[in-house]
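Going by Swiss-Prot, these are the annotated features:
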type	residues	note
ACT_SITE	S25	active site, schiff-base intermediate with substrate
ACT_SITE	Y58	active site, proton donor
BINDING	T57, G73, A74, A75	substrate binding site
MOD_RES	S25	pyruvic acid (Ser)
Amino acid sequence: MERKMLKSKIHRATVTGADLHYEGSITIDLDLMEASDIIPYEAVCIWDVTNGSRFETYAIEGERGSGVICINGAAARLVAPQDLVIIASFVNMENAEAIAHEPKLVFVDDKNRMLESRKEVAGQATLKSVHWKN
């Protein structure tokens, strides 16, 4: 039996741009792509924490160290600069592999600089390293 598992997550990144006239995708700072094990053209889910929209697109490389998180193409109508988003990718794997699987989770600050990469912890709102905005 195969299971669909979370492979990668960039948690609460800040949208820096929305380019309606680009052909599609999400541009992600290359540092964040590497830290989260997301490769160019990989399918990703985008969950907008600010407005609740959810959609799927694919990742393309942004300038390393720039903090860029730019939603491109038609999906640009679903977000606004400064929205907080979660970027996730998934992988299918056999049950035995899934049991031991640990996803790459990347937590960022409000400039999309990596704060840490670690396991997800229940009750994250109490962690000092995570800055929650309402």
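The first residue you see is number 1, and the count goes up from there.
Note: Cβ is positioned from N, Cα and C throughout, glycine not excepted.
This view paints the features noted in Swiss-Prot onto the structure.
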residue : record                                               : DSSP (3 states)
S25     : active site, schiff-base intermediate with substrate : coil
T57     : substrate binding site                               : strand
G73     : substrate binding site                               : helix
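Long-range Cβ contacts of G73 (substrate binding site) within its own chain (separation 6+, distance under 8 Å): D19, L20, Y22, E23, G24, S25, T57. One way to see the shell of the substrate site is to take the Cβ centroid of T57, G73, A74, A75; the remaining same-chain residues with a Cβ within 8 Å of it are G24, S25, F55, I71, N72, A76, L78. Long-range Cβ contacts of Y58 (active site, proton donor) within its own chain (separation 6+, distance under 8 Å): G24, S25, I26, Y41, E42, A43, V44. Maximum C-alpha to C-alpha distance over the listed substrate-binding residues T57, G73, A74, A75 is 10 Å.
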